[in-house]
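Quick one: the structure is below, questions incoming.
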Amino acid sequence: MASMGLQVMGIALAVLGWLGAILSCALPMWRVTAFIGSNIVTSQTIWEGLWMNCVVQSTGQMQCKVYDSLLALPQDLQAARALMVVSIILAALGVLLSVVGGKCTNCVEDESAKAKTMIVAGVVFLLAGLLVMVPASWTANNIIRDFYNPLVVSGQKREMGASLYVGWAASGLLLLGGALLCCNCPPRADKPYSAKYSAAARSAPASNYV
């Protein structure tokens, strides 16, 4: 059975990954202005997130606007919004399961049931980590593809924002924490040892009959 220290480390890493996923989802920095071509000298920077976009002036003033329509978002950001929300919900469920199945809690008395609950929590964290990695990698791939596409004007090219890096870090923490929790093996049932004796065959003394 995995030690309590390994279990606590797995839960801590998964919780950090969950918080990182929330931060990545909330920050409006999935795409940022690429300072190339005609954008080398500009007085403003554009941030694009899942829920809003922001314009940062050179003076430090920032104005943010929530998207008016979901259909106005690019396809990758629409998918990223859905996957990130599902990932955060799954990670929250994993945190709840890890608390229920923790060795230091008394929510479940049976040690075997506790270990199985922790394994389920680990699998949930692994799924949440994958759901964070997919939109972050997909968005990064589209940004890089458009950046090197000569048909895209420089004013529409973007660079990877901080939210993507936070998302990758959160995904790694969720995957690592989930893997550690999956190491919880249910204890084997201790069966009482029963000694079996076999009666020795007795040979009767030979009798001589007349």
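Positions of Cβ are set from backbone N, Cα and C atoms, glycine also.
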Are Val55 and Ala113 on matching sides of the membrane - judged by whether Swiss-Prot gives them the same topological domain name?
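No, opposite sides.
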So which of 82-102, 118-138, 161-181 is most in touch with the transmembrane segment (8-28), counting Cβ pairs under 8 Å?
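Ranking 82-102, 118-138, 161-181 by Cβ pairs under 8 Å to the transmembrane segment (8-28) puts 161-181 first.
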Tell me the residue counts in helix, strand and coil for the region 'Interaction with EPHA2' (1-103), as DSSP assigns them.
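Helix (H, G, I), strand (E, B), coil: 55 helix, 19 strand, 29 coil.
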Please give the sequence-distant neighbours of the transmembrane segment (118-138): residues at least 6 beyond its ends with Cβ less than 8 Å from one of its Cβ atoms.
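Long-range Cβ neighbours of the transmembrane segment (118-138): 7, 10, 14, 17-18, 21, 24, 76, 79-80, 83-84, 86-88, 90-91, 93-95, 97-98, 101-102, 163-164, 167-168, 170-175, 177-184.
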Taking Cys54, Cys64 as the disulfide-bonded residues to compare, which has the smallest set of other Cβ atoms within 10 Å?
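Each of the disulfide-bonded residues Cys54, Cys64 was scored by Cβ atoms within 10 Å; lowest is Cys64.
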Quick one: DSSP breakdown of the topological domain 'Extracellular' (139-160) into helix, strand and coil?
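Helix (H, G, I), strand (E, B), coil: 12 helix, 3 strand, 7 coil.
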